[in-house]
Amino acid sequence: MPTPRAPATPLWRHPLARPVAALALLLIVAAVFVPGFLHLEIKDGHLYGSLVDILHRAAPLMLAALGMTLVIATRGIDVSVGAVVAIAGTVGCVLVGSHGLAIAFAAALGAALLCGLWNGLLVSALGLQPIIATLILMVAGRGLAQLLTDGQIITVYEPASFFWLGGGYLLGLPVSLFVVATVGGLTALLMKRTALGLFIQTVGINPVAARLAGVRTAAIVFFVYVYCSLGAGLAGLMISSNIKSADANNAGLLLELDAILAVTLGGGQLSGGKFSLAGSLIGALIIQTLTSTIYAMGVPPQVTMVVKAVVVFAVCISQSSAWSTWRKA
Amino acid sequence: MKRLLAAPSFTSWVSVVLMAGLFGAGAASYTGFASTQVVLNLLIDNAFLLVIAVGMSFVILSGGIDLSVGSVLALTTMVAAWLLQVAHWPAELVIAVVLLGGAAFGALQGMVIHVFKLQAFIVTLAGMFLARGLCFLISVDSITIDAPLFVTLSQTQIPLFAGAFLSPGALIAVVVLGAGLWIAHCTAFGRTVYALGGSEASALMMGLAVGRTKVAVYGLSGFCASLAGLLFAFYMLSGYGQHAQGVELDAIAAVVIGGTVLTGGYGYVAGALSGVLVLGLIQTLIAFDGTLSSWWTKIVIGALLFVFCAVQRLLSLKKAAG
Amino acid sequence: APLVMGFSQVGAESEWRTANTASVKAAAKEAGITLKFADAQQKQENQVKAIRSYIAQKVDVIAFSPVVESGWDTVLKEAKAAGIPVILTDRAVKVADPSLYVTFIGSDFVEEGRKAGKWVLERAAKAPGGALNIVELQGTVGSAPAIDRKKGFEEVIKANAKLQIIRSQSGEFTRAKGKEVMESFLKQRDKKIDILFAHNDDMAIGAIQAIEEAGLKPGQDIAIVSIDGVRGAFEAMKAGKLNVTVECNPLLGPQLMQLAKDIVAKKPVEKRITVTEGVYTADVAAKELPNRKY
Amino acid sequence: MNLPITSTPVLALSGIHKGFPGVKALSDVSLRLFPGEVHALMGQNGAGKSTLIKVLTGLYQPDAGAVTLDGKAIAPKRTEDAQDLGIRTVYQEVNLCPNLSVAENICAGRFPRKSWLNGGRIDWAAVNAEARRVLAQMDLDIDVSAPLSRYSLSVQQMVAIARALRISARVLILDEPTSSLDDAAVQRLFTVLRRLRDQGLAILFVTHFLDQTYALADRITVMRNGETEGEYLASELSRLALVNKMVGAPPDQQPTRLDSRASQTGAPVLSAQGLGRRGALHPLDLQLKRGEVLGLAGLLGSGRTEAARLLFGADAADAGHVDMHGRTRRWHSPREAIAAGIAFCSEDRKHEGAILELSVRDNILLALQARHGLRLVMSFDEQQALADDYIQRLGIKTPSADTPIGQLSGGNQQKALLARWLATKPAVLILDEPTRGIDVRAKEDLMDQVRALAHGEAGMAIVFISSELPEVLHCSDRLLVLRDRRAAGEYRRGELDERSVLEVIAAESA
Ligand SMILES: Nc1ncnc2c1ncn2[C@@H]1O[C@H](COP(=O)(O)OP(=O)(O)OP(=O)(O)O)[C@@H](O)[C@H]1O
Ligand SMILES: Nc1ncnc2c1ncn2[C@@H]1O[C@H](COP(=O)(O)OP(=O)(O)OP(=O)(O)O)[C@@H](O)[C@H]1O
Ligand SMILES: [Mg+2]
Ligand SMILES: [Mg+2]
C-alpha cells in the first residue's frame, strides 16, 4: 500500500523497526557466541559464509511467506503450502529428466496453479472456512505427490541446469535470492501500482463493506490463494533443485507453520487487514537466522525446541505495544 | 421439519445425518463394520481427541486458537511417566499435579495473549515448541508406565451389553463433553466466551470480564489438553515426547467440521463430538478397507473430508436460500 | 478360506519404509494371504486404532511395525483375548508380558550403530596421527532408530580416545535437513571434520552435497558412514562419495508371510528372528548396485 | 424542576486531558453531573464528546485530570469498573454482540440465575422475560431469543439502550442514542428517561438534535474543539445562542435556504417494478427522475432500508426488477448497480461502510477505484488532492487524509463515507440515514448539498432516507411513505405537512 510519504512518526516507530531490531539482535548474539559467524569469503567465485547460507536457506520460506502474507491479509489462512511444495517439487523432478527444464518447470508451476485454483474455489466459491478448505489439500497433497513417485525419493542427475535455481550463483550470490527479490519486487509493484493492495486490505478488514463498495471480493480471495500456491510451487522447485531430488513425504514439511510465523513476526495480523511484504520477509529471515544460530552454536537437538520457543516468546513480547507501555509505567 | 431447518444448529444436524450416511456406507461394504464395538471403539480410540476438542471449542468460540494442545498432551504423558517411574510419586498426586500444570500452562499463555495483546496463534505456537521441547529435556526416549492405577484404568473394560464394552477413558471424555456443554450454555463464563467471539471490542464496552475470560479459556484448554494427556497415558501406558504429533490440527478440524466458525462466536460445543466422530469414522473406514497404499490413504482421507465439508456446506447454503 | 493378515505400517516417511511396505505386499500376494494394510502416518494412536479394527474384523494374524516401543500392553491384551496372534516387524516393543506377541522379526538398531562404529574404529586404527573429529547427523529427536543407533555407535567408539564427536545435530532423517545441518557444521572453522556419521542414507546424501559445495571431497576429505543401504547410497559409494553403509534390510515380507503361516498352523517359532544384514563398503558398491531392490 | 445547583454533583470531571498521536482530543475539560438531572453534552462533530465519555467509563485513560464520584476520586480502568461503580453507558456506535440473542445482549454480565440448589445455572426463561420487560418500556415487542444480527440498526440501538436501563444505576450516559430512532421511539425513550430522572438518576445525554435537547435537558454543557465552552441552564440558553457556542462564530444569518420551487425533473433514471424480497419488502413500484430528491419516510422497520438495498443489489430481490436508463436489470451484486451509476450510502457505517483501519483517503477512494478495477484511477498525488478536496468541501475534521478513518469521530466518518460515493459521480445516489450523527451545522450543509446535487448541473437522482421527518420533508421533491414494508402513499412536495404525513405513516395497517 502506498505509505504516507512524509512520515510524521520517528524512525523507531516505523512498523518494521521492531522486526529489524529483533533480526539485528539475533545476528549480534550469533556473532558473539559463534566465532566467525559473520565471516564472509570468496570461494569458487561466489560469496561463502553463514550469512549467505541464511539468505539462501530462507529463500523458499520467504517465497511461501509472501503468499501467506496476502492470504492472511484477507483473513484467510493456507495450511496447504507444504503439500504444494511437495507436489511442485515432485512434478518438476519427475519430468525434468525426460522432458527438459522448460516443460518440467511449466508443469510444476501448473500443478501449483491447480492447487491454488482448488483452494480458491473451496474458499471463495464454496465458502468453506479457509483452514478446512486448505486442510483438505494439506492432507491429500502429499499423497498425490507420493502417488507420482510411488513413495520413492526421485533423484535428479540430469540436466545440470536444473540445479541452478536452488544451488547456482549469480554475481557471487545464490540465484534463489534473485528469484525472491524478483518475486517480492513484482508483488510489491503489483500492490503499489495497482489497486490490488487496497482491495486485499479492504476485504480483510471488512468484507461486507468491501462488497457494498463494489469490490470483487470473491475474485480477490481467489487470487490470493492462487498466488500463495504459485509461490509455494516455486519454493518447491527451489528446494528440490537444491537437494537434487524430490522427497514427496518430507519436502516442505510444516513450512506453512513457519510461513505463518514469519508473517506474524513481521507484524502481520492474523485477523486480516494491513500487511507488510517486507515485514514478512524479515520474519522469514528471523526464523532462519534462529535455526542457523542454533546449529552453529551446537545446541543439543533435544534442547533446540525450547530455545526456539523462548526466542519466539521474547521477540513477540518485545514487539508488543503493551510491552512498551508496561515498561514505561 | 421446518423447525429443524430453521434451527440455528442446522449445520450440526447435517453433520449427524452425513455421519450416519458414512457409517451406513461402511456397514454395507465391510464385514464386521456394523457392530456395536466398532461404534464404541470410535469413542474409546478418540477419547483424548474429544477432550481436547471440547477445550478447543471454547478457544475457537472465543475467537482464538490454541496450537499448543498436542504438545501439552505429550508433555503431560512425559511428566506423569517421569513422576511415576523415576520420582515414584503416588499416582493420585501425579494426576492432580499434571492437571493443574496443564491448566497453569494454558492460563499462562492466555495471560501473555491478554496482557501483551499478542496473537493467540503465535503465542500458542511458541507454547507448542516449548512444551514439546520440555518433553525432550525430561527424556528423549519413551518411558513405560507401570503404576497400578494407570494399568488398571488402562485395562478395565466397562461392559455394556452383548459383550460390548467401553473404556474408563471414553467415559471420562463423555463426562467432559457434558460438562463442556453445561459450561457453554448455562454459565455466565460460557456466554462471555461467545460474546468475545462475536466481538471482542463490544464485549469490552459491554463491561464483560474480557481479560479474565480469555485467561480462563486458555486455562480450560490447557486443562483439557492435560486431561487428554492422562487419557492418552491410560491408553498407551507410556510417556513420550513424540506422542500426539499434529493432534492440534485434528482437534481444530474436528471443531470446525462440527460447525463452529473459526473466527469465533458461532457454533456448539456439541459439534466437537460429531467432528471427532467424523474423523474417526474416516480412519476406521480406511482401516477396514485395508487395500490402500500409504499415499492413497492420504488422498482418500482428503477426499472424504472434502465430500463431507462440501455437502455440509451446500446443504447449509440451500437452507439459507430457502 | 485364505489366511487374512492385518498389517499396520508406520507410514511412508522414507524410501526404506516404502521398500518395506512393497516387500510385505508383494510377499502376501505371492503367498496367497489376504492383506489388510493400514498406514498410521507416524502416529501410535492410529496404529492402535488399526489394530482394534483388525480385532473387530477377526483377522487370522496381526503384524505391525510399532512407531514407538512402549504403550502396547492394552491393545495387545485385547488381541490376545480375541485369540489373534501378533507378529512384530522391524521394531521391538516393551511389554510387561512377552507372551502378548508371538515373535519379533526385524533389525536391531543398536547393532547397526555398533557396526557403523566398528568401521570407524578400524579406520581410526589405520589412520596415523592425532585425534579424529566426528560429526553426527542424528535422526528425528526421540525416534527409536535415532536413539539406538546413537547408543550403539557411541558404545563402540569409546574404545578409542582418538575418536571424538565434536558436533551432533538432528537432520530429521531428510536430505534437505541433512544438507542444511552439514552446511552449518562446515562453517565452523575451529576444528577440522574427519568423519561424518549419519543415522540414515538420506541425510548422508544431503550432507555429501553440502561438502561438495564447500569445495571438499566427500569420501576423501571427510569419510562418511551411514545406515540403511538404500540404492542412493550405493550410487554415492560407486561415485566414491560415501565410504560405507550399514544395511538395514527392509525386505522381510517373505519371511513374515512364512512366519504367519507357521503360526496359524501352530508350528513353533522363535521369539526373535533377525534378518540378514551386511555392511557394504565403497569397493563392493559397483558390484552390488544392480542387486539392490530398493 | 431544576435542582438547586448547591446540591453536590454525583459525578464531576475536572481538568481532563486526553491526546492521541497527532491529535489533542480533550484539553482541560470539566463536567458536573447532578442527581436527578438530564445533562446534555453538545458540540460539533469531533468536539470530543465521545472521547470524554470513554474517559469517564475507563475505556480510555486520561493523560491528566480527575474524575470524582460522590466526591471520591475514581479511576476506572475498564467499563467493568465503571459499571460496578454504577455508571451505565450506551456508546455512540452500537456495541453489542451480533451473534448473541437480543435477550443475552441485554442481560450479559448479570444474568438471572437459578438458585444454587438448581445448579446455579443461567435461568433462560427469566433472561428472556427480563429482556421482554425492559424492551416493553420502549414499546418494542420483538422475539428476544433471535440473534441480534437479525434486526435493523435502529432495533439494535434500542437494545443497547435497554441493556443500560436494565440495571438501576447512579449515572446513565447516552451517546447519541437517538441517531437512528424515529420520532415515536424517541418519545417513548424520553418518557422512560424522564421517569428515571425523577427517581434521582443523573443522565448525560449527547445528541445533535436541538429539539431533543430542549425537550429533555435541564442543563447543557457545550464543548468546542476539545475544550469545555461552558455550562448553561437549558431554560436560559436560546437555540441560536447554543448553536453559536458550539460553532464558535458570531451569529450568522439563517443559513440560505434553497428555493422551494419544484425542481425541473427530467427523464426517469431508475425505476423499480414490483421489487420485493420475501420477509423484508412487499413488491414495490417506484420511479426516480433525473434531478429530483425522493424522500422515503416510514417508521422503524417499515422497509426503507430494505427498499434501498434492493435498488442497489445489496440484497437479491426475489420479485420484480429495476429499469435503469430504460433497460431492464436484475442486480446480482452491488458491483453491477455501481457500474450502472448507482451509489448507496448505508445506514450502518461501522459494519457496512467504513474500513476502519484504512486511511480516510483510501476510504474515500474505494468505490471509485473498485469501479475502475485494478488499474489505479489516478496517481498518488491526484488521490491526495481528491481526498483533500472532499475533506475540505464536506468539512471533515481529520488530522490528515492519511489518518485511519477509525480514529475520526462518528460524524466525520459519516461524511467521509458520503465523500466515497460522491467521488463516483453517480447518476443515482441512495442515502440511508446520511444525517446520522452529524452536527446541526453539518446537517444543514449536507441537506443543502443534497439539493444542490440534484438540482444543479449534475442533476443527480437522489433517494433520501431519514428517520427525521422534518429533514425528509425539507429535502425531498417527492415523498414516498412506507408502512409495514409496503408503499402507503406518494406525495409531491408541498402537498403535505409534517402532521398529515405523520398520520399516514402511523395509520393502522389494514
Ligand atoms: N482512537 C482515536 N485515535 C485518534 N484520534 C481519535 C481517536 N478517537 C477520537 N479521536 C479524535 O478525537 C477527536 C474527538 O472525537 P470524538 O469522537 O470525541 O468526537 P465527538 O464529539 O464524539 O464527535 P461526533 O459528534 O462526530 O461523534 C476527533 O478529532 C477524533 O479524530
Ligand atoms: N420493530 C421491528 N420488529 C421486528 N422486526 C423489525 C423491526 N424493525 C426492523 N425489523 C426488521 O428490519 C427489516 C426491514 O427493516 P428496514 O431496516 O428495511 O426498515 P427501515 O424502515 O429502514 O427501518 P429502520 O429504521 O429500522 O432502519 C424487517 O425485515 C424486520 O425484520
Ligand atoms: Mg461522538
Ligand atoms: Mg433503516
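Each residue, glycine too, has its Cβ placed from N, Cα and C.
Look at TrEMBL and you will find B:38-60 (among others) tagged as transmembrane segment.
Taken from TrEMBL, the feature transmembrane segment covers B:67-87 (among others).
Annotated transmembrane segment per TrEMBL: B:93-113 (among others), in sequence order. Long-range Cβ contacts of the transmembrane segment (B:93-113) within its own chain (Cβ-Cβ under 8 Å, at least 6 residues beyond either end) map to 64, 66, 68, 72, 75-76, 79-80, 83-84, 119-120, 123-124, 127, 131, 147, 214-227, 229-230.
Counting same-chain residues at least six beyond the ends of the transmembrane segment (B:120-140), those with a Cβ under 8 angstroms from any Cβ of the stretch are 59, 64-68, 70-72, 74-75, 78-79, 82, 105, 109, 112-113, 218, 239-241, 248. Per TrEMBL, transmembrane segment is recorded for B:120-140 (among others).
The transmembrane segment feature in TrEMBL is assigned to B:160-184 (among others). Non-local neighbours of the transmembrane segment (B:160-184) in the same chain are 35-37, 40, 43-44, 46-48, 50-51, 54-55, 57-58, 61, 153, 190, 193-194, 224, 227, 231, 234-235, 268-270, 272-273; each lies 6+ residues outside the stretch with a CB under 8 Å from one of its CB atoms.
Residues or ranges marked as transmembrane segment by TrEMBL: B:216-237 (among others).
Counting only same-chain residues 6+ beyond the ends of the transmembrane segment (B:249-282), those with a CB under 8 A from a CB of the stretch are 9, 11-12, 15-16, 18-19, 22-23, 26, 42, 45-46, 49-50, 52-54, 56-58, 60-65, 69-70, 177, 180-181, 183-185, 194, 196-199, 301, 304-305, 308-309, 312. For B:249-282 (among others), the entry in TrEMBL reads transmembrane segment.
Feature annotation from TrEMBL assigns transmembrane segment to B:294-315 (among others). Same-chain residues lying 6+ beyond the ends of the transmembrane segment (B:294-315) with a Cβ under 8 Å from its Cβ atoms: 11, 14-15, 18, 22, 253, 257, 259, 278, 282-283, 285-286.
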